[in-house]
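Chemist: To start, I am sharing the structure in question, which I have written as structure tokens.
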Amino acid sequence: MAAFTPITIAYGDGIGPEIMEAVLYILRKAEARISLETIEVGEKLYKKHYTSGISEESWDVIQRTGIILKAPITTPQSGGYKSLNVTIRKTLQLFANIRPVVSFYPFTRTLHPNLNLTIIRENEEDLYSGVEYRQTHNMYESMKLISHTGCKKIIRYAFEYAIKNNRKKVTCLTKDNIMKFSDGIFHRVFNEIAKEYPQINNEHYIIDIGTAKLATKPEIFDIIVTSNLYGDIISDVAAEISGSVGLAGSANIGQHYAMFEAVHGSAPDIAGKGIANPSGLLNAAIMMLVHIGQGDIASLIENAWKKTIEDGVHTFDIYNEHSSSKKVCTKEFAVEVIKRLGQLPITLPKAAYPLIVKKQESNIDYKIDTREVKKLVGTDIFINMHVFSAHDIADKINKLDIGNFELKTISSKGLKLWPHDSRFEIISDHWCCRFMNKDGTEIKHLDITMLLQSLSKANIDFIKVENLFEFDGVAWYSLAQGE
């Protein structure tokens, strides 16, 4: 008798419980070789003052099983609560988010019948690191964190995925014309790794034009690899133009753990009505079965699901009176899929997953390269001051004893306002004062400490210090507009 794989089940919020019940019903009837352990996460935990939406007991279950099938959850939009999705992905180091998007034309409505692409999204970094601050009465900050090792992991994963799944092209999307360091390193690593895969075509688009092309000509894409925020946005764009966000599932893959979920949210507006489409979570479950080596059950369910779609048995979100034959509720849809277990689709591609899946290389040991010579050459000190002119700030600072430093520039929101007059008056309470060593020698941390003491004695409210570094003689800090 084949061993049963333990799976953690999270019912989620909103429509989550009803679509999870439908999916588990199908899995039981298909005789999936899994054993279930249920955890409570999301809204109920937030209401119990778990700011992360998950308890220690649930973490113990996840650590024991290693695999999660999760329905959508609702994250409160205020009050300091953290996104549970982001927390799980980061805690379990699920660095790769895999979102296949396929058109099921002519059985679902879409303008893009040949749509068939996969979005591979970096899952741990970027603005989704969730590092944010309020610095002044007027200014808020969210940090975009991108690492060299993180870029290498996700980009190599994308090319390996292309090889494994017989894909022909990988497209990289960034905004490195503006964010030259963070998005720039993503693009540079993409170019470097692409050279190792000459059999795979590669290309790059700026995210705005890339998204426009995705919305109008998705057929030109095969695999898209991108960073966290961009990937989140374009995944929903792609799912929507496929015919319904409710059809798409996704996988979150790491070295030791994996989580499978629908792309769509918890849809509280239709919760409890029994009309939600369970297909997204079902497709996520199919991806899970493939991942754990139960390709036979995955194929059985996917073929039955496709036959159900072909037969025009649709939930309300994709129902079309001209092409659908029957409108069904969530539970009825599950029953219709179960009726077709063992049947094959006629028009849509038949699924035939292998029983034993070769695990994609996701445990490469990426070490931090420390060979570049790092030199501290200056510091940006951000201050909170209610003035209308950067000249007032410069006059005050230049009267202080600041040692071997000199004040080079003052800027606000990246616009240089001193030493030269600005064309326009800037209303701000958030100023960046750039200090460099007068003789160009390396700066010590003690020098910066003494500088901060001088500012403090003058009642200048410094709110952040960002040191400026050269690596192998190259300046790795941005210049203000106009500098």
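Cβ from N, Cα, C; glycine included.
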Chemist: Quick check on the annotation: Swiss-Prot has Ser83, Asn85, Arg89, Arg99 binding D-threo-isocitrate, so which of Arg64, Arg121, Arg134 does it put in that site too?
Modeler: Arg121
Chemist: Identify, among the recorded positions Arg99, Arg121, Lys175, the residue whose Cβ has the fewest other Cβ atoms within 10 Å in this structure.
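Modeler: Candidates: the recorded positions Arg99, Arg121, Lys175. Fewest Cβ atoms within 10 Å: Lys175.
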Chemist: List nothing but the largest Cα to Cα distance in Å, as a whole number, among the residues Ser83, Asn85, Arg89, Arg99, Arg121 that the record says bind D-threo-isocitrate.
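Modeler: Answer in Å: the longest Cα-Cα distance is 19.
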Chemist: Could you round the CA separation between Gly265 (NADP(+) binding site) and Arg99 (D-threo-isocitrate binding site) to a whole angstrom and send it over?
Modeler: 15
Chemist: Find, among the binding-site residues listed as Asp232, Asp269, the one whose Cβ has the highest number of other Cβ atoms within 10 Å in the structure shown.
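Modeler: Comparing the binding-site residues Asp232, Asp269, the most crowded Cβ belongs to Asp232.
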Chemist: So which binding-site residues are near Ser83 (D-threo-isocitrate binding site), with CA atoms within 10 Å, out of Thr74, Asp232, Ala267, Asp269, Asn277?
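Modeler: Matched binding-site residues: Thr74, sequence order.
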Chemist: Of the recorded positions Tyr128, Lys175, Asp232, Asp269, Asn277, which one has its Cα closest to the Cα of Arg89 (D-threo-isocitrate binding site)?
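Modeler: Closest by Cα: Tyr128.
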